[in-house]
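Scroll down for the structure; my scribbles are underneath it.
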């Protein structure tokens, strides 16, 4: 098969809609000219399959998005107007946060609202100073003697920002038998705050474990008739998934709509939140145009018909991992890698023969373009696309930061492909590994380590040797979010994978290893998720080896895992709810603020 050593730039038609089903047009799209450097083009490559060789099919749902429609951000002039307005509103909110005369509870609730509305990144230093002031003046000791709501709220905010506070703060709300006081149930707002705080627990913090059980049992008993519609919506939202496990953009859009219904809403804060949400959304649209052009040029979605095309879902995932506007490079890098992972996973899981998979794994390990001579045609296409993309990412990093990261990127891919290969061997041998053997491989095959290594080089400006060495060893900040990724994925996909004949899954392996029912195995996996979350919470306390932006990115990957797999596998089989979420985050602006 011949390959062209050309760089092709083909314009994209913007006459269709992003979603193939009719949807309201939100923003007028405008064309964008983008040049991309590449060494090998895969766009005009074709291949033929061996007709006599049987290939499995997973019958995946087809892609439901139309890449011909790429939304644009507003004009530069409009963005500048928005920036000026946002700057003025931001100054007003900053004054409120820095008001040393404000009552502590008022300040804490303001900080909580700022963060829920998606504005925390604008006020990081202000919030830290305010919390420092709160702690140094004895504020935390004071609120623990006043109300459960104030105690739980301050506890959660302080732990979120790396302060070491003791679970003993809640001991004062227990009776002589060690049970939480029954009269606390009369204050739903306080119970809701206690529930949210309990998810910041560390290993061995039994008081917080008891607090969660106590809060959940009461919150589930409440009805809208008893507490009112507004509070009932908050309770249901929290019980579905706690705040600490939600992605920030989805939480922001939900919180904005909930907050604007409040009679006592801070109108300046609300206006800034809506403006900020729409401004960041315009950045996502710009990023998506760039990534979509790359995907069309790569051409894998149209050439490899057996595999899932999930670029939009991969980009949406990347927004959850790094939502801040300054992290476009991270979003694009993670989206590209997850798109590749999705297709290559299908090659290993469904389409490739074991001999072919071993050849592909060897090619990735060697990272030599000449290795394509040993590959079947469809793998040549995939390997060249991967080879070009990763080399380009490494080149850009060398040019911009002076660091050759290619060995780290290629090792991450080699490790992933070896993990995929091990799973393929289990499948071909029709063997079910023990849970320990399975999981020791599966957290790597989740692609979590790979995504986080690519994310590290995108969000960290000053790359440190010690950090890189620990990345290579898959430090806890890499492994633990990946554990959560794998466990959440397995909970959501177990039934479908069993139907496809795949023998390795956390649930099925746990059933076989422990000799228990599917129900008990599922419960055990959920407990493993909880315990891993507690271990990961410690990364924010006592100072991490890694820079804060990367720590947040790693935690966000775990959050995105919770959200993506909470009600099924929203990446493999995106449903209507998933599509609505994608549209709300990427394309549909929030209606303007009106006084």
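We count from 1, first residue shown onward.
Keep in mind that glycine also has a Cβ here, set from the backbone N, Cα and C atoms.
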Task: 345, 486, 489 bind dimethylallyl diphosphate per Swiss-Prot; candidate in 403, 423, 552 listed for that same site - done: 423
Open item on the list: Around the dimethylallyl diphosphate site formed by 345, 423, 486, 489, list the extra residues of the same chain whose Cβ is within 8 Å of the site's Cβ centroid.
Closed with: 442, 445, 446, 447, 490
- [ ] Check each residue in the chain of residue 486 (dimethylallyl diphosphate binding site) that is at least six apart in sequence and keep those whose C-beta is under 8 Å from its C-beta; list them in sequence order.
- [x] 439, 442, 443, 445, 446, 448, 506
Open item on the list: Give me the sequence-ordered set of same-chain residues, not including 489, 493, 497, with a C-beta within 8 angstroms of the centroid of the Mg(2+) 3 site's C-beta atoms.
Closed with: 490, 491, 492, 494, 496, 505, 569, 572
Task: 349, 493, 497 filtered to the binding-site residues whose C-alpha is within 10 Å of residue 423 (dimethylallyl diphosphate binding site) - done: 349
- [ ] Quick one: pull the CA-CA distance for residue 349 (Mg(2+) 2 binding site) versus residue 489 (dimethylallyl diphosphate binding site), whole Å only.
- [x] 15
TODO: Mind checking which of 345, 423 has the fewest other CB atoms within 10 A of its CB? They're the binding-site residues.
DONE: 345
Task: Cβ neighbours of residue 349 (Mg(2+) 2 binding site) where a neighbour is any other Cβ within 10 Å - done: 20
Open item on the list: I'm trying to understand the geometry here, so how far is the Cα atom of residue 497 (Mg(2+) 3 binding site) from the Cα atom of residue 345 (dimethylallyl diphosphate binding site), in Å to the nearest whole number?
Closed with: 13
